[in-house]
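Listed in TrEMBL:
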BINDING   B:Gly8, B:Pro9, B:Ser10, B:Gly11, B:Val12, B:Gly13, B:Lys14, B:Gly15  ATP binding site
DOMAIN    B:1-179  domain 'Guanylate kinase-like'
Protein chains: 2
Amino acid sequence: MRLTVLSGPSGVGKGTVVAEVRRRHPEVWVSVSCTTRAPRLGETDGVEYHFVDVEEFTLMVKKGELLEHAMFAGHAYGTPRAPLEARLAEGVPCLLEIELQGARQVRAGVPDARFVFLAPPSWEELVRRLTGRGTESPEVIGRRLDRARIELAAESEFDAVVVNDDVTRAAARLVSLMDTD
Amino acid sequence: MRLTVLSGPSGVGKGTVVAEVRRRHPEVWVSVSCTTRAPRLGETDGVEYHFVDVEEFTLMVKKGELLEHAMFAGHAYGTPRAPLEARLAEGVPCLLEIELQGARQVRAGVPDARFVFLAPPSWEELVRRLTGRGTESPEVIGRRLDRARIELAAESEFDAVVVNDDVTRAAARLVSLMDTD
C-alpha cells in the first residue's frame with residue numbers, strides 16, 4: 001500500500017476534505033501530526049494533534065522519528081514516522097494532509113508516495129475564500145493572492161489533482177485514487 | 001562533483017561563512033537564489049539574489065525550474081535548478097546555503113548531495129547571538145530559543161558538521177569537505 005499525501009494552496013479546504021474522509025471512510029488511516037503549540041478549545045490530544053512539549057519534540061527530531069517537521073508562527077509541527085510505516089506495512093490505506101513545503105520534504109523520505117494536489121474549482125473561487133472577510137488591508141490581501149498564485153503553480157509537481165468543488169465528491173475522488181496502484 | 005548543501009539553525013552565521021567562501025575560494029560556485037522581494041540598499045541583482053516578479057516566479061514553479069522554493073514573510077524564494085546542474089556537470093564544486101526546511105526539500109531533488117550542518121561553538125554562544133540586542137520581550141526570546149533547540153537537534157539529519165567558532169576556519173573546513181568524495 002502506498003502513502004497518499006494531500007496538499008494544495010492555503011485556503012483550498014484540505015482540512016475539510018480530510019475531515020470528510022475521516023467521517024465517511026473509516027478504512028482510511030489519517031496521520032496525526034505532533035505539535036508544540038497548546039491545544040485549542042475543543043481539540044483532543046491524539047485526535048487533531050499529538051500535543052508534546054519542546055523537549056519531547058526535540059528528542060523526536062534528534063532520533064529521526066519525524067518524517068518531516070517545520071516551524072510555523074513559533075511552534076513546531078511534525079509527522080511521526082513509526083505509526084505511518086506500521087499502517088503501511090499492514091496494508092492499510094494511509095493519508096497525510098500537509099502544506100506544500102511539507103509535502104516536498106515528504107518526497108525525500110517516501111519517494112513512492114502518491115502526491116495529490118487539492119485544487120480550487122477556479123481562481124475566482126480561491127480569491128473569494130482568501131479575501132472572504134474583507135477586513136484586511138489591500139497590502140495583506142495582495143500578498144495573500146501573490147502567494148496563492150505561486151502555490152497554485154505547484155500543481156505541476158503532483159501526481160494527481162482533485163478539484164474541491166464539493167467536499168463530499170472531492171473526498172470520494174481522493175479515496176478512489178487511494179484504491180488504485 | 002557533488003553538490004554541497006550548507007544549513008543550520010537561525011543565527012549560526014551561515015551567510016557570513018558563505019561570504020568568506022566567496023572571498024577566499026573563487027573556485028567554488030555559490031548558488032544564487034531568486035526572490036520576489038524587493039532589493040535592499042546595496043543589493044545587486046544576480047549577486048545576493050536574482051530579483052524576479054511574481055509572474056516570473058510563478059512560471060518557474062510551473063515549469064519545474066526550481067530545485068526547492070518557499071515563502072517567508074509574504075515573499076517567495078527559490079533555487080534555480082539549471083545553473084546548478086550545469087556547473088555540477090562541468091565538475092565545478094557547488095555550494096548551496098539554505099535554511100533547514102529548504103535543505104530537506106533539496107534532499108528530495110538531489111539525494112546524493114552532501115549535507116553539511118553549521119553548528120554554533122556552544123549552546124551558550126547561540127543563545128548570546130539570538131538574544132544579543134536584548135530589546136525583545138521574554139515571550140519572543142523564549143520562542144526563539146525553543147526554535148533554536150529544535151533546529152540544533154536536526155544536526156542528526158546531516159552528513160557532516162562544521163563548527164562556526166571562527167569564520168575563516170569554518171569556511172576552510174567547509175571547502176576542504178567539498179574536495180573529498
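Backbone N, Cα and C atoms are what each Cβ position is placed from, and that goes for glycine too.
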DSSP three-state assignment (helix, strand or coil) for B:Gly15 (ATP binding site): helix
Averaged pLDDT score, the domain 'Guanylate kinase-like' (B:1-179): 93
Fewest other Cβ within 10 angstroms of its own Cβ, chosen from the binding-site residues B:Gly8, B:Gly13, B:Gly15: B:Gly15
Most crowded position, judged by CB atoms within 10 A, among B:Pro9, B:Gly11 as binding-site residues: B:Pro9
Set of same-chain residues at least 6 away whose C-beta sits under 8 angstroms from B:Ser10 (ATP binding site): B:Glu99, B:Leu130, B:Arg144, B:Arg147, B:Ala148, B:Glu151
Secondary structure of B:Pro9 (ATP binding site) (DSSP, helix/strand/coil): coil
Cβ-based neighbourhood (8 Å from the centroid) of the ATP site, residues B:Gly8, B:Pro9, B:Ser10, B:Gly11, B:Val12, B:Gly13, B:Lys14, B:Gly15 excluded: B:Leu118, B:Pro120, B:Asn164
Number of other Cβ atoms within 10 Å of the Cβ of B:Lys14 (ATP binding site) across all protein chains: 19
